[in-house]
Amino acid sequence: MKTTNLPSPKDITLLTAILSFTIAILVILGWFLQIPSLVQLHYTFAPMQFNTALGFMISSVVILFLLNDNREFANTMAAVLSGLALLTLIEIFWNVNLNIDEIFIKADIVTNTNTPGRMAPNTAISFLMLGLSILLPIKNTRALQFKGLLSSLVFCMGALAFIGYILGLNPVYGWGSYTHMALHTAAAFMLLGVGLSFYFWDLEKKIHKALNINYNPWIIGYAFSLAGMLFLLDISMPLGIAAGVPYILLVLTGWIFNKPVYTIYLAGTSILMTILGYFLSPSFSPNWMVLINRFYAIISIGVVAALIYVLKKRDLKMRHYHEEMDLEIIKRTHELEMKNKQLEEFAYIISNDLREPILTTIAFTKLMEQKFQYSSEQGADFKKFLHYLKMASTKLEGVINQLIAYTSLNKSSNYEKVNINLLVDNVCENLADLILQHKAHITYTTLPVIYGYKKELNLLFYHLIKNAIENNIRAQENEIVIMADKTEYDWTFCVRDHGKGIKQKYLERIFIPFQSLENDRNQKTGMGLNICKKIIELHGGAIWAESVIGKGSKFYFTVPTIEKRKFPTPNKSKDWKEEHKDFHQTTQMMEAQILEGREA
């Protein structure tokens with residue numbers, strides 16, 4: 001299945017900056033080249049003033065430098081933008097002329113313009129909010145929340161003016177007798193508002209946890225925008241139409257907020273605007289049908305708000321539960337890592353501090369056996385005691401070596417293709433002396449190539465084959481057979497011996513550390529099969545044994561066929577036995593064929 005590559009937040013921010021920059025350049029060219037269609041989109045609309053176009057160009061450059069992590073230059077340009085907006089607001093509300101409106105070019109298009117070249121007050125306010133959203137440092141949670149809120153309010157200012165043009169509501173985009181905001185000015189502010197919102201959203205994703213933010217503040221501006229647009233749509237439509245119902249869209253935005261209480265606030269706002277929309281409609285007149293429509297709209301808003309509130313509370317409860325679980329997992333993982341580290345340190349101590357005196361003891365016992373004379377009865381006893389000491393020291397050395405091997409199993413990282421035939425050949429070469437001593441015959445079919453940890457798989461077959469050789473009780477039938485069979489998800493292997501067998505009650509215990517069922521004469525450490533189990537679990541498989549007293553044992557284990565595919569390892573092997581019962585039934589036939597082929 002092909003995955004769709006969605007644009008990243010930075011890609012969206014970059015696109016909006018490029019589009020607003022393009023609008024600014026076209027308008028500036030329109031002023032210099034005297035192309036009215038670029039300056040004002042319709043002869044009855046207000047033009048985009050030159051300073052406004054310059055502000056959009058600066059804003060776009062600021063965003064581009066932000067995306068390139070050049071905050072110093074971005075802050076400088078944002079300060080210039082904020083200064084231009086602030087000076088314009090001083091001109092507008094203090095009724096002074098600072099001679100900045102026509103500093104670059106004389107404005108000859110003055111449709112819906114209070115003062116030639118002067119931008120609209122809502123335009124100047126939007127530029128000031130945009131500049132401040134860049135300049136404010138991110139020192140605490142409130143600063144980031146305020147930056148996000150300002151960017152969304154920039155979109156809100158543009159969106160309200162844009163919908164005002166569509167609905168023909170002059171007071172929305174033109175404040176009183178002041179200069180009107182141009183249509184493409186509104187569109188450019190919507191672009192910049194969206195771009196900055198995505199930029200801050202991407203920033204929030206990186207620092208959310210560090211600042212412990214409980215909600216996304218930039219959503220508030222978009223909620224205001226939606227509320228304003230719905231209200232303007234409501235008062236511009238005939239009363240006979242149930243215009244109160246669209247306010248449900250505003251209530252639905254409550255799902256985006258993290259706190260359920262915001263849904264109640266939005267519902268209250270929607271109900272208030274539904275009532276105000278009835279009284280402020282141009283065609284207002286008392287009408288029972290209209291009142292009933294509005295009443296149903298209010299009921300709908302209340303029902304939807306209640307559902308959102310309940311679902312949001314449940315969602316937050318589940319999210320809080322999952323967060324607690326994640327924290328618990330992190331805590332347990334850390335504890336496990338610490339314990340593994342301690343285990344590795346313990347193994348290091350064993351390998352360095354304990355092995356050396358043990359090896360020294362073994363060496364001296366051998367030397368004493370060679371140097372001392374044991375002619376007397378007392379000397380014979382001393383020789384016997386010395387032999388016991390050497391055997392005990394040798395067994396302790398074996399335990400230490402097995403512990404070191406066990407603790408180092410999880411360190412391998414080379415997951416690769418492994419030719420099991422070549423691997424078993426290598427194991428048999430290493431066990432050549434033991435095979436010759438016990439007159440064993442290791443027979444196997446063409447074994448597969450699988451994915452796994454080569455070093456660990458080599459150790460696995462070493463212990464299983466060594467265990468099979470040492471458990472033989474019939475010198476004439478010391479046949480060890482290795483078989484494999486492929487299923488849908490894994491390879492199942494079987495190592496068959498003709499040993500004395502294992503009692504049924506011990507079949508689960510044999511994989512527990514230090515659980516040796518043999519006499520001390522074989523110097524068993526009881527770690528071999530436990531190491532085998534850990535290796536198989538490392539591969540995501542399972543291992544189990546079947547045995548008949550006096551006839552031998554079969555050790556089964558599975559390894560997934562798909563590279564790096566992991567399956568949960570069951571606590572008990574009963575399910576795995578059931579799944580691989582067909583292979584169990586055919587092992588005897590395969591064994592007979594293998595032995596027949598070897599004899600031939």
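Glycine too: its Cβ is placed from the backbone N, Cα and C atoms.
Heads up, TrEMBL stuff is auto-annotated, nobody curated it.
The transmembrane segment annotation in TrEMBL covers 12-33 (among others).
Non-local neighbours of the transmembrane segment (45-67) in the same chain are 10, 13-14, 16-18, 20-21, 23-25, 27-28, 31, 36, 39, 73-74, 77-78, 80-81, 84-85, 88, 100-105, 107, 109-113, 117-120, 123, 127, 130, 134, 165, 174, 179-185, 188, 192, 195-196, 199; each lies 6+ residues outside the stretch with a CB under 8 Å from one of its CB atoms. According to TrEMBL, the feature transmembrane segment maps to 45-67 (among others).
Sequence annotations record features per position, and here TrEMBL assigns transmembrane segment to 74-94 (among others).
As annotated by TrEMBL, transmembrane segment applies to 119-138 (among others).
Sequence annotations record features per position, and here TrEMBL assigns transmembrane segment to 150-169 (among others).
Among the features that TrEMBL reports, transmembrane segment is placed at 181-201 (among others). Long-range contacts of the transmembrane segment (181-201) within the same chain, counting only residues at least 6 positions beyond its ends with a Cβ under 8 Å from a Cβ of the stretch, are 9-10, 12-17, 19-20, 23-24, 27, 40-42, 45-49, 52, 56, 59-60, 63, 66-67, 120, 122-123, 126, 130, 133, 144, 147-148, 151-159, 161-162, 165, 173-174, 216, 218, 221-222.
According to TrEMBL, the transmembrane segment annotation covers 213-233 (among others).
The transmembrane segment annotation in TrEMBL covers 239-257 (among others).
Marked as transmembrane segment by TrEMBL: 264-281 (among others).
According to TrEMBL, the feature transmembrane segment maps to 293-311 (among others).
TrEMBL lists 349-563 with the feature domain 'Histidine kinase'.
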Under an 8 Å Cβ to Cβ limit, what residues of the same chain, 6 or more beyond the ends of the transmembrane segment (119-138), are close to it?
46, 49, 51-52, 55, 59, 62, 66, 74-75, 78-79, 81-82, 84-86, 88-89, 92-93, 101, 144, 146-147, 150-151, 153-154, 157-158, 161, 173-175, 178-182, 185, 189, 192, 196, 200, 203, 207
To what whole number does the mean pLDDT across the domain 'Histidine kinase' (349-563) round?
79
